[in-house]
Amino acid sequence: KNGALKTKSIDMLDLSPETDTEELISQIRKSEPLITASRIGQVKLLILRLQEKLSQQDNRRFYLFKVNHNSPICLFICHIFITGSYDRTCKIWDTASGEELHTLEGHRNVVYAIAFNNPYGDKIATGSFDKTCKLWCAETGKCFHTFRGHTAEIVCLAFNPQSTLVATGSMDTTAKLWDVKTGEEVATLTGHSAEIISLSFNTVGDQLVTGSFDHTVSLWDVSSGRRVHTLIGHRGEISSVQFNWDCSLIITGSMDKSCRVWEAVSGKCLATLAGHKDEVLDVCFDYTGQFIATASADGTAWVYSAASYQSIARLEGHEGEISKICFNPQGSRILTASVDKTARLWDVQSGVCLQVLEGHTDEIFSSTFNYEGDTIITDTCHS
């Protein structure tokens, strides 16, 4: 309008191959008057293409392809992936060839936390035990900024969805917000009484959640740096925190052997997901927020419905604690990484183990899918 382009998202998180296309289009038109009669055919085509993609059978198997870097963490973005390491560097790799593209050098201690600025993928943030965070160009490896201000190790970080801010969490009990463009500190979030071990922006980018070893979770307003809610209820250190897609729910995993579901608006605990016999080390929503997965030191993982909080599947087979868990982008598969030196691929609905990914000679600390869901990275501390 008048030369200005505006965009609006329409969530179709419940879309399935069985969804009535005509009824869905009718509902969309009622909520979005910009979709006129002349656009109905285009919208219908898009929905049919999405339904076709959802109905595709996922029977792929994964095959071993190695690169060497003593890296405890790894992340994908499209054609490249990054690894952070105890050797004080972060490396950028080509996904197809396994070729090293750049080595990001400059930290003076372990690079413990890394992140891409998804969905753009042109910047990388690295957090280190040297108490600093660095911002890099993903294409050239150039360092744009070094964020200084924490007084202890940085152990978690994240970009906001707009790629304008980086949040860092530290052993100094604070989180900080940094301006991507200027490199300046925007806010210091104080209130926790122990180290912050996990943090996550919601998909809008207006709220940040932090989990701490003080057994509490804090919900922050990003624009003001004010704490909105303190989520109290866990009896042990918080291991992992995450928002669902529509920003309405927060899940938290704890060393008290439980996962909790919280309402973001009120800060109220809606459910406690019990069942694990040992510490819950990682939790996650699938991309639509319909499922919750938990991973535990007891060697099992669980899948729950985010609507009913009922268990759907129990994933058994690992011979040691499971440190990381994630869904593939399609929400049909779960990937787990374990100290038993294997990663496993599971069917979400049945809980059946589809493939054991072997080849490592040490504990696997990190694992993840790429965007398409057709490539997996697993990481140990030894090459």
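Keep in mind that glycine also has a Cβ here, set from the backbone N, Cα and C atoms.
Annotated features, as they stand in TrEMBL:
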| type | residues | note |
| --- | --- | --- |
| DOMAIN | 73-262 | domain 'WDR36/Utp21 N-terminal' |
| REPEAT | 81-103 | repeat 'WD' |
| REPEAT | 104-146 | repeat 'WD' |
| REPEAT | 147-188 | repeat 'WD' |
| REPEAT | 189-230 | repeat 'WD' |
| REPEAT | 231-272 | repeat 'WD' |
| REPEAT | 273-314 | repeat 'WD' |
| REPEAT | 315-356 | repeat 'WD' |
Checking distant contacts: for the repeat 'WD' (231-272), what same-chain residues at least six beyond its ends satisfy Cβ-Cβ under 8 A?
11, 13, 194, 197-204, 207, 209-219, 278-285, 287-289, 292, 294-296, 304, 306, 309
I need to check the long-range neighbours of the repeat 'WD' (273-314): which residues 6 or more away from its ends have a CB within less than 8 Å of a CB in the stretch?
13-14, 236, 239-246, 249, 251-261, 320-327, 329, 331, 334, 336, 338, 340, 346, 348-351
With helix taken as DSSP H, G or I, strand as E or B and everything else coil, how many residues of the repeat 'WD' (231-272) land in each class?
0 helix, 22 strand, 20 coil
Restricting to the repeat 'WD' (231-272), report the mean pLDDT as a whole number.
97
The repeat 'WD' (189-230): which same-chain residues, six or more beyond its ends, come within Cβ distance under 8 Å?
152, 155-162, 165, 167, 169-177, 236-243, 245-247, 250, 252, 254, 256, 262, 264, 266-267
